[in-house]
Ligand SMILES: NC(=O)C1=CN([C@@H]2O[C@H](COP(=O)(O)OP(=O)(O)OC[C@H]3O[C@@H](n4cnc5c(N)ncnc54)[C@H](O)[C@@H]3O)[C@@H](O)[C@H]2O)[C@@H](O)CC1
Ligand SMILES: Nc1ncnc2c1ncn2[C@@H]1O[C@H](COP(=O)(O)OP(=O)(O)O)[C@@H](O)[C@H]1O
Ligand SMILES: [K+]
C-alpha cells in the first residue's frame, strides 16, 4: 500500500520535519534538487542546453538548486525566474544568492525552443489559483517546444489535490515528486501531464500520529497477496455462497459476467435469481452456477428468501432493469437480507432519492456506482465530484454507512472512515460494456472468501484493474472486452497460488 498526500498534507509534513524534527529546510531542498539531477541522468535527458524555469516559491528554490548542481557538473544551464523579487520566499532568496556566487546565467525572457531540456520549477504544491499572465504565456511556449521536460514535484498548473488543470499546465515527460505521490498526480488529467512519476525520499518525517482528515492509500501489486490463502482442506462452503439477483427479460449478459467473475475469483457457489427467459442462455453459458427463475407473474419471493438464508454474500443489480419486478426484488433483499450486500448498476438507479432505506440494513453494504450513478444517488454532479473527489466520496459513504466504490478512470473507495483509497490500475480499454459487471463479481467473490467490505472493495478494484492491464497487454485497449478481464483474473490468481 502506498501513502498518497494532498498538497496541504505535504505542506504540513514539510513544516513538521523542519520545525519539530529540526531538519533545516535547505537540507530537504538540497536532497530534493539532488534527486532531480539524478533522475535527469537516469532518464537520459539531453543535457546539451538546459533551462530551469522557476517561480518565486520553494518550488522555484528547488529549481535554482538544480541549476547550481548542473552548472557544477559542467552542464550549460540558464535560470529564468517568473515573478517579482519581493515575492521570493526566504529559501528562494538564499538559493538565488548562492547561484549568483557561482555566476550561473540568469535570463529574463527565456525562449523555450532554444533548449534541449527544460526543468519546470514554477509551481509546486503551493499553487493556489488559476495560472495567468506571463506564467501562462511561458508555460504555453514550453509546451510548444521540443525540449524534454522534467517537472519538479508536480507539473506546474496541476492541482495537487484533484489533478485538475488550473488555467494551463506543463506537459512533463518525467515528474520527480518528493516524499509521497500527490493525489493530483494520480487523478486525470494530472496523471497525463506528469507522465512518468518518480518518488524521491528527501527525508520528510511522517509523525505516527497525525490529525489528517484523510489518510489516502493506493494499492500495489504486492497487496494482491492479501487475497485469502486457499485452505487445502476447504469445501465449496468454505469459499462462500453468493446469491445474486441480476438480469431482466432477455438480458442475461450482465448476470453472466458478474456470476462468472465471482466464481473465477474463487467463490465456492453462486445462485443467480433471474428472469425465466434467460434460462437457456445462462444455463448453457455458465452451467457451474445454480439458478432460480421468475416470470411475468411474480418475483418468486419464497425463492428469494431461501436464497438469502442460504447465502454468505448477496448481490443485486447487474442488468436487472428498473421496472417494478426489479424494484420488488431489491426491496425484498433490503428487508430480508442479513448478509454483506453488494448493490450495483440498476440496483443503484432504483435507490436514487431513497438512500435512507439502506440505514436499516443489518450487515455491511458495498455500492459500486460509476460517476453517472453516483451523481444520481448522491445529488452531487460529476463536475462537483471532480473538484473534491476524495471529500465527496467519503462524505457520502459516511452519511449512509456504506462502502462506496466510485468508479472512474481513477476509482475512489471509501467506507466513511479517514482511510480512503485511490486506484491506479486499469486502462481505457476497460471502458467497455460489462467491465463493471466483472468488477461486481470480483468484489462478491472476495467478500465470499471472508474479506471485509473495505478490503474486498479496495483490493478488488485494484485486482480488476490489474487484470484489465493484462488483458490490454494481450488484446490491446481497443479490442479487449469484459470477458478478457475475467480470463486474466485467473492468471493473476494462478500466480498468487504459486507463491504459497
Ligand atoms: N522546505 C520546504 O518547505 C520544502 C519545499 N519543497 C518544495 O516547495 C514546494 C512548495 O513551495 P511553496 O509552498 O513555496 O509553494 P510553490 O513554490 O509551489 O508556489 C507558491 C508561490 O506561487 C504563488 N502562486 C500560487 N499560485 C499562483 C498562480 N496561479 N499564479 C502566480 N503565482 C502563484 C504563491 O503566491 C507563492 O508565492 C514544493 O512543491 C516543493 O517543490 C521541497 O524543496 C521540500 C522542502
Ligand atoms: N479509462 C479508464 N481507466 C481505468 N479504468 C477504467 C477506465 N474506464 C473505465 N474503467 C473501469 O471500468 C469499469 C467500468 O464500469 P461501468 O461503467 O459500470 O461499466 P459497465 O456498466 O459497462 O459494466 C469501472 O471499474 C471503471 O473504473
Ligand atoms: K513544478
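From the backbone N, Cα and C atoms, a Cβ is placed for every residue, glycine too.
The structure displayed is predicted, hence computed values, not measured ones.
Every protein chain considered, the tally of other Cβ atoms within 10 Å of the Cβ of residue 319 ((6S)-NADPHX binding site) stands at 24. Under the heading (6S)-NADPHX binding site, TrEMBL lists 58-62, 124-130, 135, 153, 254, 319, 370, 437.
For residue 156 (K(+) binding site), the same-chain residues 6+ apart in sequence whose C-beta sits under 8 angstroms from its C-beta are 53, 55, 59, 120, 121, 122, 123, 124, 127, 131, 135, 139, 169, 170. According to TrEMBL, the feature K(+) binding site maps to 59, 120, 156.
The number of other CB atoms found within 10 A of the CB of residue 408 (AMP binding site), across every protein chain shown, is 18. Per TrEMBL, the feature AMP binding site maps to 407, 408, 409, 410, 411, 436.
Positions annotated as domain 'YjeF N-terminal' by TrEMBL: 10-210.
For the domain 'YjeF C-terminal' (219-496), the model's pLDDT averages out at 96. What TrEMBL records for 219-496 is domain 'YjeF C-terminal'.
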>> I'd like to verify something. Among the binding-site residues 59, 61, 120, 128, 156, which ones have a C-beta closer than 6 angstroms to some atom of ligand 3?
In response: 59, 120, 156
> Roughly how many angstrom lie between the C-alpha atoms of residue 409 (AMP binding site) and residue 125 ((6S)-NADPHX binding site)?
Replying inline: 23
> Counting all other Cβ atoms within 10 Å across every protein chain shown, which of the binding-site residues 407, 410 scores highest?
Replying inline: 407
> Just checking: which of the binding-site residues 59, 120, 135, 319, 408, 410 have a C-beta under 6 Å from ligand 1?
Replying inline: 59, 135
> Which chain neighbours of the K(+) site, leaving out 59, 120, 156, have a Cβ atom within 8 Å of the mean position of the site's Cβ atoms?
Replying inline: 53, 54, 55, 60, 63, 121, 122, 123, 124, 151, 152, 153, 154, 155, 157, 170
> Is any of 120, 128, 407 (binding-site residues) within Cβ reach of ligand 2, i.e. under 6 A, and which?
Replying inline: 407
>> For a quick check of understanding: among the binding-site residues 61, 125, which residue's Cβ has the most other Cβ atoms within 10 Å?
In response: 61
